[in-house]
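According to TrEMBL, the ATP binding site annotation covers G69, S70, G71, K72, G73, T74, R182, G225. Feature annotation from TrEMBL assigns ribonucleoside 5'-phosphate binding site to R95, K116, I117, V118, G143, F144, P145, R146, R186, R197. Among the features that TrEMBL reports, CMP binding site is placed at N150.
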Amino acid sequence: MWRRQVGALLLRHRSMPSSTLRHHHPLPVPDQSPPLASNLLLRLFTSQSGEGGDGATKPFIAFVLGGPGSGKGTQCVRIASDFGFAHLSAGDLLRSEISTGSEKGELILNIIKEGKIVPSEITVELIRKAMESSDAKRVLIDGFPRCEENRIAFERITGTEPDLVIFFDCPEDEMVKRLLGRNQGRVDDNIETIKKRLKVFESLNIPVVDYYTSRGKVHKINATGTEEEIFGAVHKLFSSLR
């Protein structure tokens, strides 16, 4: 079975000396999922899918970035409602796949429990399919890309870049407080996994923000304060874009 093959590969990967592992950033972060196991998972996802590129008109795309607990998901719901965007959450798409109880969903769940990032191609395929299904002219992609590899995979697979990048800037202590207090029953809302997620965010997500800042696409939102205060700044930004 795929699960046994992947499990064997994971055990083999853990026995490798640390000098053989490749990291995206000099800061210490949790290991990324092993390449061979990721390839098996990718085959499960893409065995019946294409690469896109069917010539359809591409929508206006806004990436929405911010640390776990920064409130970006809540704000995305309001942006979608007030400004007519389709709201696609990378995290929700992954959790939806997990909820099916499929073998690939179980593999994704194990990666998330260990605080690792799901292979880029898997998440991009889920996003691409959701974009095609929505047939929307304006799309918010919430919580993606989470690293430079994600960004590169998105641009390669979809053949496009975001038109806008929103970054919800929130202090770490505030994000931890929100995550521990939201009580949504998520497997990754415990202090140990939260700390891993914040390390991953700092080391892998910030370089994506820096990249798009250099391309003049980033609009930073102060994500402290009440939901209404934060949305006031968001509303002002999107109203100006109209």
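Cβ atoms here come from the backbone N, Cα and C positions, even for glycine.
Fair warning: this is a prediction, and the values are worked out from it, not measured in the lab.
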I need the least crowded one of these binding-site residues (G69, G71, G73, G143, G225), counting other C-beta atoms within 10 angstroms of each C-beta.
G225
Spatial hits near G143 (ribonucleoside 5'-phosphate binding site) (Cα distance within 10 Å) out of the binding-site residues G69, K72, G73, T74, R182 come to K72, G73
Where's the emptiest Cβ shell within 10 Å among the binding-site residues S70, T74, N150?
T74
Take the C-alpha atoms of G225 (ATP binding site) and N150 (CMP binding site) and report the distance between them in angstrom, rounded.
30
Among R95, I117, P145 [binding-site residues], residue with fewest other Cβ within 10 Å:
R95
Measuring Cα to Cα, how many angstrom lie between G73 (ATP binding site) and R95 (ribonucleoside 5'-phosphate binding site)?
14
So if I measure Cβ to Cβ from K72 (ATP binding site) and keep only same-chain residues at least 6 apart in sequence, which ones fall under 8 Å?
V64, L65, G66, D142, G143, I166, F168, A223
